[in-house]
Amino acid sequence: ADDLTTLRNGTLDRGITPDCTFNEKDIELHVYSRDKRNGIILKKEILKNYDLFQKSQISHQIAILIHGFLSTGNNENFDAMAKALIEIDNFLVISVDWKKGACNAFASTNDVLGYSQAVGNTRHVGKYVADFTKLLVEQYKVPMSNIRLIGHSLGAHTSGFAGKEVQRLKLGKYKEIIGLDPAGPSFLTSKCPDRLCETDAEYVQAIHTSAILGVYYNVGSVDFYVNYGKSQPGCSEPSCSHTKAVKYLTECIKRECCLIGTPWKSYFSTPKPISQCKRDTCVCVGLNAQSYPAKGSFYVPVDKDAPYCHNEGIKL
């Protein structure tokens with residue numbers, strides 16, 4: 001789970017602050033492909049001549065997944081997303097496991113004292129991802145236009161830091177960053193240099209699902225406010241709503257339905273009815289969002305159960 005709930009409730013355990021010190025050597029990469037469906041774990045030092053990154057394999061679209069606070073690179077929701085990406089679109093999926101820096105060892109105690117440490121670690125992990133991207137581009141000749149980052153919670157901001165760093169390294173921009181309910185605590189007043197921002201990739205898509213644990217302002221080219229972005233159907237805990245962003249995207253990848261975003265100017269305005277949606281005004285959440293011309297804020301109605309469709313049969 002990626003659970004910041006007690007941080008907001010102020011019920012901090014005043015025990016010993018956990019040690020979530022970042023060390024690049026602790027990072028593992030879980031790599032999934034059609035012939036490695038259950039994933040294999042790699043360390044950075046063997047990446048330079050790893051046969052999985054042959055030309056045939058590396059020519060595919062690549063998705064780099066980045067988890068959040070208290071989580072791991074092979075958490076069940078990311079595992080389901082990785083499998084959907086390889087099954088449906090034959091992606092090469094690389095999930096960045098920075099669990100020590102994300103305080104996963106303390107997840108069972110729901111200890112949030114390490115949160116500020118984890119926040120600080122996001123920049124280091126972002127740099128790691130950018131350096132790994134440099135290897136893909138320079139050694140394996142992967143075009144930047146083939147690489148997208150998908151980050152949940154703190155992982156969304158980490159993706160933003162990676163996006164800034166690859167530009168600093170003169171590699172260009174990632175094709176896309178998808179921020180899944182980007183973390184709110186410690187980022188509530190942050191400006192672009194210190195969080196995920198629409199300039200961090202060619203296209204930045206944000207899916208907002210919890211106003212308590214996520215940011216409640218626009219960060220992307222498109223910002224989807226699912227069920228108004230406050231909380232999600234069927235969820236009583238903020239952590240459930242926070243995690244729903246991952247599940248929604250996985251269903252969108254499976255293409256069983258289009259979660260339609262309809263223009264929504266501000267919290268005090270009424271969104272345009274889905275029935276009035278056209279391809280040039282509304283946007284489908286997911287990997288093809290970039291193919292729609294509209295930008296800005298969108299309200300997304302959803303059902304309680306997967307595949308969460310609530311689009312009145314409208315086809316965009």
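Yeah, the Cβs are placed from backbone N, Cα and C, and that goes for glycine too.
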Swiss-Prot annotation, disulfide partner among C20, C192 for C103: C20
Residue pair C192 (disulfide bond), H242 (active site, charge relay system) - Cα distance, angstrom, rounded: 22
Around the Cβ of C258 (disulfide bond), the count of other Cβ atoms that are within 10 Å: 20
Integer Å distance between the CA atoms belonging to D181 (active site, charge relay system) and C282 (disulfide bond): 20
Reduced DSSP assignment, D181 (active site, charge relay system): coil
Surrounding CB atoms that lie within 10 Å of the CB of C240 (disulfide bond), all protein chains: 18
Cβ packing number for C309 (disulfide bond), 10 Å threshold: 17
